[in-house]
Structures are given as structure tokens and as C-alpha cells.
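For reference, the structure discussed in these notes is given below.
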């Protein structure tokens, strides 16, 4: 209990620091801030449920394949499985509430706040009006999922336990999460390690370059203004050029002030001292990303070669090709708790790279950029979008991890006993038998191996599994494209994202008054 409470406190503290880091001080509001922090915390807590699920089904058995004394009873095991299932019910229901009710209401409430003529009651009324549309979509998805005749697959559930309705709704959201994973996580897996390896540009060189640019722009402005010294008005073309140059000069001057602060900032000096560590961390991250890509490719190839095809959702009940990540997890089983630490690290890795992808790309709707994610200048609506995207990404992360290590995610480190006939010539006892242990797989007896509750949610509807399968191929392609793009790009500026042409002087003054530590 104490460890769980400590973990939740740590997650909430991280979410508070993360949101406050990017939140605009001008437009911050208590309701949107609390909503963003809670939604991000829910995303992180949900992502931690899969390792817990795998740990619990594995913890029921000894390494020799026998059940532990407290888990020998079917009723006890059933209670533990139900507890995990209720955990999924609770967190997934909270996600549905956040995505379809809470976040949309706060978003539209804040949008209505921009209109000065609207009072508080009108804000609530208009926000509720738009939120009703999201609630209707949620109800429709639950009703469709409650129809037992649309499910088809190897696992059958009772339609009265509520699993089909919730699973269909979550799977529908997971499709959107799949698009977010292909867009943001794939790019984040390439840009995060390469940014760590390449580092940032020298702040002294950037200041020198910026000063030269300021001198050049001021010279051009002086040349334009010299045309009207004798009283003649400037042409429309010259006036437009002068306006553009003055705007560019303001941006360069703001950039110079930021670079001056960055040069004095102790964090910049500490970051320079930690360059060797960042390079090693970047190399580790890129190796992990390549391992994931290879494992995902082998898993998808295995499904393409050995599954029944589209009509079955490309579902297979074992690994026919050697999957390096699955084998690594199985090899770490004897050394407790290395396999659980690794699966937790994998889960957190997806979340961190997703954050990095959203941070570097911003929030897009097809080819239209909706919001930028920048330190101390991110609008509340952008933070709400960020948290909603992370909630959707976390939903798809479970399927991604299953694709990376299908056997381990399905059964964990469970083993079972099997009787083997020993035909020894000359034996007086005839054909003797002895017990040996095997790793749990689809061929194991149902009463000897417990399937994780996560697997039940993932494979309730075969057509979702089919879409996820093709989504994995798209993810591999997006990662490779992102890797090429990230390699071709130069080093980032030390003040990346702090100064933009559309920033107001007021926001810049506020940033300089409260600079990033």
C-alpha cells in the first residue's frame, strides 16, 4: 500500500512539473491545469498496469511450474484475476470519461472564455452543448460493443460481464491512438536519441551569428529609410519590406536576449558538462529503438506467414520465428525481477518517446498545425490536446508491447509441468515417466497457465487486430522515415522553441522576468 501511494505521489509530482514547465503563464487557469495534470497522471498510471498484470500472473507459480500454496485454489486465482480485471475496468472507464466528457468540457469552456461578452453561465452552457456530442459517441460505442454477435475470436466472454462493451469502446479509441503512435511515437523514437547524440549548438556561436544578423537587418532598414529622407514617400513594396524587416529585427533582438540568459544559465553549463552521459544515453535509446523495430518486424512477419489471415485478425498463439525481445524477456526470468524491470522500462520508453515526438512536432490535424508545445508558452488548449493524445497513445501501447513480445505479454514468466515418457531400454520398470517444466504457451492446459487480462482486452474483436497489424507496418515505415529526417537535420538551437515570430512582446517580457531555471 505504501509503495503504491508513493508511486502515485511521484507520478503526480512529475505531471505537475511537466505541465508547469510548458504552461503559458499568461493564459494559465486552475481548471485546465488540474485537468491536464490529472489526465497525464491517468495515462502514466494506466501504462504501469500492464507490467503489474504480467507480474501477478507470473507470481502465482514457482519456477518449477507448480502453483504457490496461496494460489493453488482456483477461487483464489480467480479473485486475483478479477482484481486485475477491475483495475482495467476502472482505469479504462476513467479514460473514456476523460476523452469523451471531462477534457472536451474543459476545452470548450476555455474556448468560450475568449469571448468577453459571454458570462460564466453561458460558458458552462455552451461547453455542455458541445460535450453532449462526445457523450453520444461514447454511448453509441458502448451499445455497439454490447452486441455479442460482432465479436469473433479465440476467446469468448460472457456478454453480461461488461467486457465486450468496454473493450469495443477502448479498441475504437485505440485506433486513434494507433494513428498518434505512428505519427508521434515513431518520430520521437528517432528524434530523441539523435538530439541527445548531436547536442545543441554553441551558445557563444549563436550569439555571434545573431549579432551579425541584427547588424545586417539594421543596415537594410537604414537603406530603405534613406529613400524617404528628401520627403518622398516609400513605394508599397518598400513599405512592405520595411515592415517585414522591422518584425524580423524584433525577433532577432528577442532571440539575443534569450541567448544572453542561456549563456549565463547554470543549466546550460551543467548540460555541457553532461555531454558524454547524453551521448551514451542517446546511443542506448537508438539501440533500443532499433531492437523494437526488428522485434516488431519479426512479429508481423510471423503473423503474415503463420496466421489464418485477415479473417482471423492475424492472431497466432505462439512464436514461430525467433523474436529477440521476447527471447530476452524469457531469458531474464530466472533473475528476479529483471524481466519485470525491462517490461516496465519498455512501457515507460514508449511514453517518453511519445512526449518527445509531440514536443518536437507540435499538435497537427492532417497538414494543419493546431498548436505548438513550447516551454512556458503552451496554451491551455494545447496542453489538453497533449494529454488526450497521450491517453490514446497509452491505450495502443499495450498492443505494441504485445507485438514486440507476444508470448511474454500473454503468459509472463509462467511455466507448467508436463509428464514425459522415458523409454529406456533394459528398464525393469517398463516405460517410466517423469515431470519436466515448459514455458507457458498456447499448447499448455488452461488450468496450468493463466492468460493476462490485457490479452483479453486486446483480442476481443478480430477486425481491430487486423487494423492494428497493418498499423504496425505503418509504424515501422514512419520510424525509418523519421530516422532519415532526424539524421539529415543539424543541431538544435540552445533556445529551441523559445522565440517565434508570432510571439507577443508581453509574453517575451514575462519569460525574461521568470526565465527557465
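If you go along the chain as it appears here, the first residue is 1 and each next one adds 1.
Every residue gets a Cβ built from N, Cα and C, even glycine.
Any TrEMBL annotation is an automated prediction that lacks curation.
Summarising the annotation, TrEMBL assigns coiled coil to 207-262.
Listed by sequence, the residues of this chain that lie at least six past the ends of the transmembrane segment (6-22) yet keep a Cβ under 8 A from its Cβ atoms are 33, 36-38, 40-41, 44-45, 48, 355, 373-378, 383, 516. Positions annotated as transmembrane segment by TrEMBL: 6-22 (among others).
Annotated transmembrane segment per TrEMBL: 34-60 (among others), in sequence order.
Long-range contacts of the transmembrane segment (89-110) within the same chain: residues 29, 31-32, 35, 38-39, 42, 45-46, 49, 123-124, 126-128, 130-131, 134-135, 137-138, 162, 166, 169-170, 173, 380-381, 384-385, 387-388, 391-392, 395, 457, each at least 6 residues beyond the stretch ends and with a Cβ under 8 Å from a Cβ of the stretch. Per TrEMBL, transmembrane segment is recorded for 89-110 (among others).
Within its own chain, the transmembrane segment (130-150) is flanked in space by residues 96, 99-101, 104-105, 108, 159, 164-169, 172, 461, which lie at least six positions past its ends and keep a Cβ under 8 Å from the stretch. TrEMBL lists 130-150 (among others) with the feature transmembrane segment.
What TrEMBL lists as transmembrane segment is 170-197 (among others).
Residues or ranges marked as transmembrane segment by TrEMBL: 279-298 (among others). Residues of the same chain lying 6 or more positions beyond the ends of the transmembrane segment (279-298) and with a Cβ under 8 Å from any Cβ of it are 189-190, 192-197, 199, 321-326, 346, 349, 353, 400, 403-405, 472, 475-476, 479-480.
Sequence annotations record features per position, and here TrEMBL assigns transmembrane segment to 340-370 (among others).
Outside the transmembrane segment (382-402) by six or more residues, the chain places 19, 22-23, 32-33, 35-36, 39-40, 42-44, 46-47, 50, 95, 98-99, 103, 106-107, 110, 170, 173-174, 176-178, 180-181, 184-185, 296, 343, 346-347, 350-351, 354-355, 358, 363, 370-373, 409-410, 454-455, 457-458, 468, 472, 475 with a CB less than 8 A from a CB of the stretch. As annotated by TrEMBL, transmembrane segment applies to 382-402 (among others).
Same-chain residues lying 6+ beyond the ends of the transmembrane segment (461-485) with a Cβ under 8 Å from its Cβ atoms: 150-153, 167-168, 171, 174-175, 178-179, 181-183, 185-187, 189-191, 194, 289, 293, 296-297, 299-300, 303, 310-315, 396, 399-400, 403. Residues or ranges marked as transmembrane segment in TrEMBL: 461-485 (among others).
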